[in-house]
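Peer 1: Quick paste of what TrEMBL says about this protein:
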ACT_SITE  A:His54  active site, GMP-histidine intermediate
BINDING   A:13-20, A:38-40, A:55-58, A:Asp88  GTP binding site
Amino acid sequence: MIHKFAQSLLVLGGARSGKSRFAQMQAEALPGQLVYIATAQAFDAEMEDRIARHRAVRGARWRTVDAPLALAGAILAESRPDSVVLVDCLTLWASNLLLCEEDVAAAIAGLTAAIANAPGKIIFVTNEVGLGIVPDNALARRFRDIAGDINQAVAACVDSAIFVAAGLPMVLK
Amino acid sequence: MIHKFAQSLLVLGGARSGKSRFAQMQAEALPGQLVYIATAQAFDAEMEDRIARHRAVRGARWRTVDAPLALAGAILAESRPDSVVLVDCLTLWASNLLLCEEDVAAAIAGLTAAIANAPGKIIFVTNEVGLGIVPDNALARRFRDIAGDINQAVAACVDSAIFVAAGLPMVLK
Amino acid sequence: MIHKFAQSLLVLGGARSGKSRFAQMQAEALPGQLVYIATAQAFDAEMEDRIARHRAVRGARWRTVDAPLALAGAILAESRPDSVVLVDCLTLWASNLLLCEEDVAAAIAGLTAAIANAPGKIIFVTNEVGLGIVPDNALARRFRDIAGDINQAVAACVDSAIFVAAGLPMVLK
């Protein structure tokens, strides 16, 4: 299912919900250069495997750029009037910001400015992580707060937002 | 976005989903006295900080009442034909009921009776906590069951219900 | 609320979201023999209690069949042109496949073939388990991946899919 959007789209969903595939399908339905901005960092074999699997399902139209932290800069550097930039995903970015003790509020402000100023289309993939039991440890709760704040900030400034469950979309806006 | 409702509204969402802010926005769009019924109890500094932050974003139109356990009584005591009562949140109330070993079925029956009998508008905020992995410990599973039972019971008797994700609403009813 | 569907329906939701009751209501609104295919295995008293409670709320129209692993076979054996088969739930089936080290891809292929070939109506109940924090242990992450893959595969081949929150439905398709 292709969801029409003007300039920017947020795709929100759970782990293994099909959100990345849904987002890639939206990008591939559009003309122009496709740029995949990956925020993932491979710390172990499980993560490397996951990244490699995701990379394999993307086709030859995609160029991949890594931006574990400097996401706003990467978006502004890569976005062209005729390009589609796909950022996958904001939740790993949240995790990277937390682990590197970055200023989260400043990072969010930079990201929303980049969304406003990027000349081409942008699609964001993100996880909803706040619908389970309150985590035992404080770091996980802090992560959950940061991820939620990023999701709310991006959702407020994109044109369209979709919640994906079991590969199927529900329109948020 | 303001969602029109007749008498009672349930706002359901994850942690840091913007559900409290959404619910407050609905209340503040209405005329009359605004009453905030807080179910939170501050057991530690992190919780105190969270409560203080929430209280600070509410304006001068709000009066705050604490009701960690006796929620039905507080609703009936505070509701007036021209008031808006906001209960934030049912999930902390569920947690308080569990920790104080209250009779949950009786508490739910009392709450739904209060919803039926309150003369003014009521808005409930609640968490969905059942969309993660089954928790390891039995107390967390029991909490998840109680929170789910309360959500279902309240959802069945309110006029309107909204699921909030990333600050954006999806209408349940 | 009764949701019209042609042949097959997926009901997705959290723990204690009312998804099983919603699915049973859909089945009971239809004529014909009602067959309940249970994937649950009682390993302990808590689970036995949960199974007994669920069984008690089903009425005399229901026949119950256990299929903790051989789900596709049970569907094909039980489905008749005038029957309604309710499978509750795919998440416990995912857990059984994982614990018994079954070939998950083959099991999914068998299930989707059974959906395509069953002569009568089928309703599936399943949990969304990927909307919380990433679990600490690798087995839970593997389970979450399998459960998500099953949900996506079934969602892709049923006619209708519903997300239930607090007992209330949102239409996915």
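Glycine is treated like the rest: Cβ placed from N, Cα and C.
Unlike curated records, TrEMBL annotations are generated automatically.
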Peer 1: May I ask you to pick out the recorded positions among A:Ala15, A:Ser17, A:His54, A:Ala56 with a CB closer than 8 angstroms to chain C's CB atoms, ordered by sequence, or 'none' if no residue qualifies?
Peer 2: A:Ala15, A:Ser17
Peer 1: Could you give the Cα-Cα distance between A:His54 (active site, GMP-histidine intermediate) and A:Ala38 (GTP binding site), in whole Å?
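Peer 2: About 10 Å separates the two Cα atoms.
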Peer 1: Between A:Ala15, A:Ala38, A:Ala56, which of the binding-site residues has its C-beta surrounded by the fewest other C-beta atoms within 10 Å?
Peer 2: A:Ala56
Peer 1: Could you say whether, by DSSP, A:Gly13 (GTP binding site) belongs to a helix, a strand or a coil region?
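Peer 2: Strand, per DSSP.
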Peer 1: Let me know how many other Cβ atoms fall within 10 Å of the Cβ of A:Gly13 (GTP binding site).
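Peer 2: Result for A:Gly13 (GTP binding site): 30 neighbouring Cβ atoms inside 10 Å.
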Peer 1: For A:Ala38 (GTP binding site), just give me the three-state DSSP call.
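Peer 2: Reduced to three states, the DSSP call for A:Ala38 (GTP binding site) is strand.
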Peer 1: Around A:His54 (active site, GMP-histidine intermediate), how many other CB atoms lie within 10 A of its CB?
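Peer 2: Here the count is 17.
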Peer 1: Let me know the most crowded of the binding-site residues, choosing from A:Lys19, A:Arg58 and counting other Cβ atoms within 10 Å.
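Peer 2: By the 10 Å Cβ neighbour count, A:Lys19 comes out on top.
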Peer 1: If you skip the near sequence neighbours and keep only those at least six away, which residues in the chain come within under 8 angstroms of A:Ala40 (GTP binding site), Cβ to Cβ?
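Peer 2: Long-range Cβ contacts: A:Met47, A:Arg50, A:Ile51, A:Pro68, A:Asp88, A:Cys89, A:Leu92.
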Peer 1: Other than its own, how many Cβ atoms are within 10 Å of the Cβ belonging to A:Ser17 (GTP binding site)?
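Peer 2: There are 26 such Cβ atoms around A:Ser17 (GTP binding site).
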